[in-house]
Amino acid sequence: MRWLWPLGVSLAVALAAGPERAPRGVWLQQGGHQPVAQEQPDRSRRGAEREDAKGLQQYVPEGWAEYPRPIRPAALQPTQPWVAASPSPDRARATGGSGQEPQGNVTGPPGQRPQVQNPLYPVTERSYGAYAVLLLALLLFAVGIVGSLAVMCIVWHSYYLKSAWNSVLASLALWDFLVLFFCLPVVTFHEITKQRLLGAVSCRAVPFVEVSSLGVTTFSLCALGIDRFHVATSTLPKARPIEPCPSILAKLAVIWVGSMTLAAPELLLWQLVREPSPAAGTVDTCIMKPSAHLPESLYSLVLTYQNARMWWSFGCYFCLPVLFTVTCQLVTWRVRGTPGRKPESRPGPQEPRGARPSSTVAGLAAVHALCALPENVCNVVAAYLSAALTRQTLELLGLVTQFSTFFKAALTPLLLLCVSRPLGRAFLDCCCCCCGEGCGEGCGGRAAPAGPRAKLHTELSASGYFHKPREAPPLLALGTPC
């Protein structure tokens with residue numbers, strides 16, 4: 001019985017320690033001397049992981065991560081790109097579970113909302129420049145919008161002015177209207193407040209519309225020069241055949257599609273960058289930088305366009321229309337001055353003399369050259385002397401480049417109304433009718449002649465611009481009833 005005393009001692013110790021201090025997994029076999037350790041089944045909640053299997057990155061319920069997350073050398077390095085975490089899990093669940101909102105191609109200090117600055121009040125040194133830019137923008141906007149709408153409405157409502165020539169002029173007026181209506185407010189707002197309207201969308205859309213407008217002007221000048229040369233060298237009789245409407249639409253489609261295709265790389269070239277500023281808080285800047293997420297072939301194409309963009313614009317949008325117009329004018333004058341050459345057919349009453357003068361093409365080319373020259377000079381200076389220039393100088397060069405395009409868009413329809421006699425006459429008649437003076441009275445202080453002959457002349461001139469003829473015209477109409 002001596003072997004029973006160790007058993008009694010162990011039982012006494014176990015009872016004295018209690019069930020809380022008894023070692024887990026220690027069980028006594030009735031027929032043995034040594035304890036055998038058995039594994040207890042894990043009583044943790046089903047689906048829960050062990051603490052040692054979890055990652056090193058722990059989340060505190062009330063301490064949400066900031067953007068960007070700080071990288072600690074001792075912690076686990078993140079393998080996913082930084083994501084802006086939402087301030088609460090409910091908001092993250094409402095936005096789709098991730099809490100990430102699309103930011104486009106915006107880079108800069110995150111988590112900081114852009115603050116719109118108002119330099120107009122209170123008046124400071126910067127206010128004078130802001131007021132000058134605002135007044136100039138308002139003047140260009142008013143003149144350009146009124147002129148563009150006038151040209152488009154006259155060509156659209158006039159029966160005898162719906163020709164290929166006038167349709168090209170109306171196309172120019174339409175693109176000038178788009179540039180002034182969409183691009184001018186965005187550029188002016190950015191210059192005053194240093195914030196970009198519509199963000200990255202306007203950063204890409206504004207250059208695309210401006211370059212497309214340059215392409216439309218270039219191809220339109222080439223088309224007008226060719227048309228003027230055909231008119232000068234044509235041997236057709238005075239009553240020319242009517243040009244069908246599909247032919248006019250095909251010419252306009254070639255001009256528009258070609259211009260927009262050449263301007264398509266602008267949509268992939270520009271990106272919006274937000275930089276911190278001690279004065280304005282955040283400054284939006286549009287830079288030429290292709291996105292790294294583009295395919296390899298497309299990225300190389302856009303990069304090639306970026307490297308050749310300056311000289312491509314100078315050659316295609318400045319040299320080509322100017323040289324082409326000058327060449328066509330010289331050849332036309334040479335042909336018209338040839339001895340034995342019959343003069344051009346005299347236009348009829350429905351198309352007054354000067355409907356297609358050479359001065360219209362020459363004036364359009366001169367305005368385009370004068371407005372595009374400062375833009376190209378600023379681009380060359382900014383490209384080759386950017387290291388020696390200050391930031392303020394570069395911003396001034398960019399502003400001159402933008403407003404050169406706006407000057408061209410505002411002056412082109414005004415030139416058409418002043419140089420083209422049918423457009424100018426129709427505009428004056430429309431102004432007289434709107435002022436309540438009546439189309440029968442003379443405009444500009446001229447007295448209307450009395451008599452039935454003068455009345456017939458007035459009716460013919462008015463119906464030729466705004467209404468379809470009630471009876472068959474004495475000559476074949478030169479316009480196309482589209």
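For all residues, glycine too, the Cβ spot is worked out from N, Cα and C.
Taken from Swiss-Prot, the feature disulfide bond covers C203-C286, and the record attributes it to sequence analysis. The N-linked glycosylation site annotation in Swiss-Prot covers N105. According to Swiss-Prot, the topological domain 'Extracellular' annotation covers 26-134, 189-205, 273-310, 383-398, on the basis of sequence analysis. Look at Swiss-Prot and you will find 156-167, 227-251, 332-361, 420-482 tagged as topological domain 'Cytoplasmic', backed by sequence analysis. Taken from Swiss-Prot, the feature transmembrane segment covers 135-155, 168-188, 206-226, 252-272, 311-331, 362-382, 399-419, and the record attributes it to sequence analysis.
Highest Cβ pair count under 8 Å relative to the transmembrane segment (206-226), across stretches 168-188, 252-272, 311-331, 362-382: 252-272. For C203 (disulfide bond), the same-chain residues lying six or more positions away in sequence with a CB closer than 8 A to its CB are R196, W270, Q271, L272, C286. Per-stretch counts of Cβ pairs under 8 Å to the transmembrane segment (168-188) identify 399-419 as the leading one among 252-272, 362-382, 399-419. Secondary structure at C203 (disulfide bond), taken from DSSP and collapsed to helix, strand or coil, is helix. Taken together, the residues in the topological domain 'Cytoplasmic' (227-251) have a mean pLDDT of 73 on the 0 to 100 scale. Packing against the transmembrane segment (362-382) from elsewhere in the chain are residues 172, 214, 217, 220-221, 224, 310, 313-314, 317-318, 321-322, 325-326, 329, 389, 394, 397-398, 400-401, 404-405, 407-408, 411-412, 415-416, 419: each is 6 or more residues past its ends and has a CB under 8 Å from a CB in it. C286 (disulfide bond): 19 other CB atoms within 10 A of its CB, across all protein chains. DSSP labels the residues of the topological domain 'Extracellular' (383-398) in these numbers: 10 helix, 0 strand, 6 coil.
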